[in-house]
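Here the structure is laid out as structure tokens; the discussion comes afterwards.
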Amino acid sequence: MNKFIQAGRIELVLGPMFSGKSSEMFRRVLRHSLAQRKSILAKYQKDHRQLEETFKTVQLQKVNGNLKVQGITKLADLDEQINDFQVLGIDEGQFYPDLFDKCLEYVRKDKIIIISALDGTFERKNFGQIPQLIPYSDDIIKLNAICNQCGQNAPFTHRIGIFKMKIMYCIVQNKETELVGWKGVYEPLCRCCFEKANPQVL
């Protein structure tokens, strides 16, 4: 029997808030880990949602010895251990300042990289290094949420209201792009409802 040789690849799971991006990314990573491939999941450390709530982390790591979950703020934090893993899952990919360079570095080491990320800001602008990575990706899907206003497919993220929120000991204003939040902060909208709510956004 020929020995299996793993080829590196980059997979992007894109979409608005509440479209199931993280769940789909994790499903793909879990599939590899259940096939005995050592897998590590990078969780953005400034995301205040609990790891246990998002991925049932503690229970999964207990029953699945091939899966590790680690909170980081940049992918370089994984450099010392990346060679121990075959599969890398990245949540909230739009936030990592070194996403592009590190993904290209790791894929050349034959790592399978699966990234969940927003494909645009709440102003429908490019977000982080995701646009740079698209031409280098092997597989790209865009998920839709359900519009909070009318129930149609929702490809866009809308930020609700004027508010302040404490993040990492700082108060940031409503215009900040990196504001990791929950329901009540953002909502998914279809094109029609988004443009009604954001007439100033092209």
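Just so you know, glycine gets a Cβ as well, placed from its N, Cα and C.
All annotation found in TrEMBL is predicted automatically rather than curated by experts.
Per TrEMBL, the feature coiled coil maps to 34-61. As annotated by TrEMBL, active site, proton acceptor applies to Glu92. Taken from TrEMBL, the feature substrate binding site covers Tyr186.
For the coiled coil (34-61), the predicted model reports an average pLDDT of 70. Of all Cβ atoms in the protein chains displayed, 23 besides its own lie within 10 Å of the Cβ of the residue listed as 'active site, proton acceptor'.
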